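Per TrEMBL, these features apply:
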ACT_SITE  108  active site, phosphoserine intermediate
BINDING   34, 35, 36, 37, 38, 39, 40, 41  ATP binding site
DOMAIN    27-176  domain 'APS kinase'
Ligand SMILES: Nc1ncnc2c1ncn2[C@@H]1O[C@H](COP(=O)(O)OS(=O)(=O)O)[C@@H](OP(=O)(O)O)[C@H]1O
Ligand SMILES: Nc1ncnc2c1ncn2[C@@H]1O[C@H](COP(=O)(O)OP(=O)(O)O)[C@@H](O)[C@H]1O
């Protein structure tokens, strides 16, 4: 079909389904969302290691890393965060087309941005994982010293301090990192994937 912009979509002969069959597992986005310091990076790194050891093909996209490259032109104003998540959503969709279990670790504070990514995907391909820890707990952990800087007025619009975080309403999984250990959290996500026949 020719679009209004005269761009034509080319179908390949090797599909997502072919790739999934060859890999012997499904592909989907494991979308970690939560405050800075809640544990998104820690959990996605540990989960990826466990999945790799189980023979699952994975790729991980992480906020800080992507902002060094693909999204180095974006800041933290609401419009920039919207664009950040839109691009990451599109990249993640390609990764899922490539047959990979794709792990993403972005604050993604706006519900409509997360819902946009969900809308790009087919049923079951977007697994929203709300990584919960209170602002107080994240501020105590402060692994990068950013809360301290935000409180000192050296960072404006810091999520949870003077920029909003909209909690997921019906995430597929909630991980409370104030009560669960890293290992328990990883096992909970792997159990979900097995129960729902992703692998
Ligand atoms: N103003 C402000 N608010 C929140 N976070 C900030 C800010 N400035 C810099 N950082 C650092 O950037 C990381 C968040 O980037 P993300 O791409 O995940 O953010 S977003 O999804 O677009 O909101 C975040 O990383 P994580 O701690 O891993 O979440 C911070 O290290
Ligand atoms: N149960 C837990 N799960 C995940 N991280 C935890 C937990 N308990 C303490 N932490 C610590 O909290 C910090 C979370 O930082 P990080 O993973 O970078 O968060 P985020 O990516 O959400 O900003 C790390 O220093 C980690 O060791």
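Each residue, glycine too, has its Cβ placed from N, Cα and C.
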Legend entry - DSSP-derived structure type at residue 36 (ATP binding site), helix or strand or else coil: coil
Inset, instruction - Return the single residue from the recorded positions list (36, 38, 41, 108) that has the minimum number of other CB atoms within 10 Å. - result: 41
Inset, instruction - Of 34, 35, 39, the binding-site residues listed, which put a C-beta under 6 Å from ligand 1? Please answer none if none do. - result: none
Inset, instruction - Using the centroid of the Cβ atoms of 34, 35, 36, 37, 38, 39, 40, 41 as reference, list every other same-chain residue with Cβ within 8 Å of it (recorded ATP site), in sequence order. - result: 32, 105, 107, 131, 133, 138, 177
Inset, instruction - Calculate the distance in Å between the alpha carbons (Cα) of residue 41 (ATP binding site) and residue 108 (active site, phosphoserine intermediate), and round it to a whole number. - result: 13
Inset, instruction - For the domain 'APS kinase' (27-176), jot down how many residues DSSP puts in helix, in strand and in coil. - result: 63 helix, 29 strand, 58 coil
Legend entry - Inter-residue Cα distance where the pair is residue 108 (active site, phosphoserine intermediate) and residue 35 (ATP binding site), in Å: 9
Inset, instruction - Looking only at C-alpha atoms, tell me how far residue 36 (ATP binding site) is from residue 108 (active site, phosphoserine intermediate), rounded to the nearest Å. - result: 10
Legend entry - Chain-internal residues, separated by at least six, CB under 8 A from residue 39 (ATP binding site): 131, 133, 175, 177, 182, 185
Inset, instruction - Go through 34, 37, our binding-site residues, and report the one whose Cβ sees the most other Cβ atoms within 10 Å. - result: 34
Legend entry - Distance from the residue listed as 'active site, phosphoserine intermediate' back to residue 40 (ATP binding site), taken between C-alpha atoms, in Å: 11
Inset, instruction - Taking the Cβ of residue 40 (ATP binding site) as the centre, count every other Cβ atom within 10 Å, in any protein chain shown. - result: 26
